[in-house]
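The block underneath contains the structure these notes are about, expressed in structure tokens.
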Amino acid sequence: MPTRLFTSESVTEGHPDKIADAISDAVLDAMLTEDSHSHAAVETVVTTGQVMVCGEVTTEAYVDIADIARSRILDIGYDSSSKGFDGASCGVSVAIDAQSPDIAQGVTAAYETRHGSTDLIDSQGAGDQGLMFGYACTETPSLMPLPIDMAHALSLQLTKVRKEGALDYLCPDGKTQVTIRYNEDDKPVAVDTVIVSSQHRAGIDLDATMTPDLRRLVIDPVLERYDLDHKDMRVLVNPTGKFVIGGPMGDAGLTGRKIIVDTYGGMARHGGGAFSGKDPSKVDRSGAYAMRWVAKNVVAAGLADRCECQVAYAIGAARPVGFRIDTFGTNHVPETVIERAVGEVFDLRPGAIIADLDLLRPIYSQLVAGGHFGRELPGVTWELTDRAEALAATARL
């Protein structure tokens, strides 16, 4: 029987790029806590002993960015130079400017308003041009692709084991990767390969200690959650042989460099825009969240088994310049019917998305590690299937 393989990866909160994401979103959340209408584009770079936070903001809030950065680093677990980073002693530099007034005028007085529209939702334009994708499928209960779902489960379990102290030699940096075998009907049938790489203290025996420990406490508990054959699975733990130097000492980290990890693990297309550090007026974030909401409701409504949605915006304009759906031949009604139903049930103007999903809240830090989609977390409204019934009814009129 012909089969194919598909692979997705995840990273832990201690990965350098995720440290940067965590700081950017912690600063954003702090601003939204004091001023829910803050506009922010916060970028972070971390390297050996150093953090730099830069970007543009418009806010009435006062936040101590250096203190937030240090606190977030310590929360992740970098509290000693022996781990490659220490939030208490690292240098933190801040270079934050005001948002460009040229951009701001397009967000607060959109193209439609300037051309006569009196609709309040038309007054908020997109914070940038761009295209965003959303995806859902029936491979998992969360309607996420199986490879990324399992990869995230492994990375979150690895962090849990470390933070609970079950394996006191583990350090914060880590990565996971899962390869799934699909049959000729494009259904997942087996786990082919699992890779777990974790930073650790020096002197730990990989074969005698670390591999069996991670198999017992990380890999096996995660595999038990999935009804999938794994008897012939290959397991690779720290395949370089050791992983002592990690975190920003091993690699510099930048905000927005794990966009595939943050979304669908490569199973769906990506418009290129990152999430962390951006308030929801940035459609890179709010548009992508809305597309997941739409795609998940299409699948939950039984209109398709797989659904990828694309939306596109012009900077300063409220109404999307493009929208399309691809169901990869799994649709149960014509795709044109699904697109029409989505247009009737969902309002994809930025102001409507922000209001409908209640995005002006400090909810973003919790999403930094483990993905922005498929999560059952407080305030993650884009995972609701609250419009599936309306979609189904509209599509079948």
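Placement of Cβ uses the backbone N, Cα and C atoms for every residue, glycine included.
Annotated L-methionine-binding residues in Swiss-Prot are Glu56, Asp251, Lys282, and among Gln99, Gln105, Gln310 the one listed with them is Gln99. Using a 10 Å radius centred on the Cβ of Gly174 (ATP binding site) and all shown protein chains, the other Cβ atoms total 28. Sorting the binding-site residues Glu43, Asp251 by the number of other Cβ atoms within 10 Å puts Glu43 first.
Lys242 (ATP binding site) is 20 Å away from Asp17 (Mg(2+) binding site) when you measure Cα to Cα. Look at the Cβ of each of the binding-site residues His15, Lys258 and count the other Cβ atoms within 10 Å; the largest number goes with His15.
Max Cα-Cα distance over the annotated L-methionine binders (Glu56, Gln99, Asp251, Lys282) is 30 Å.
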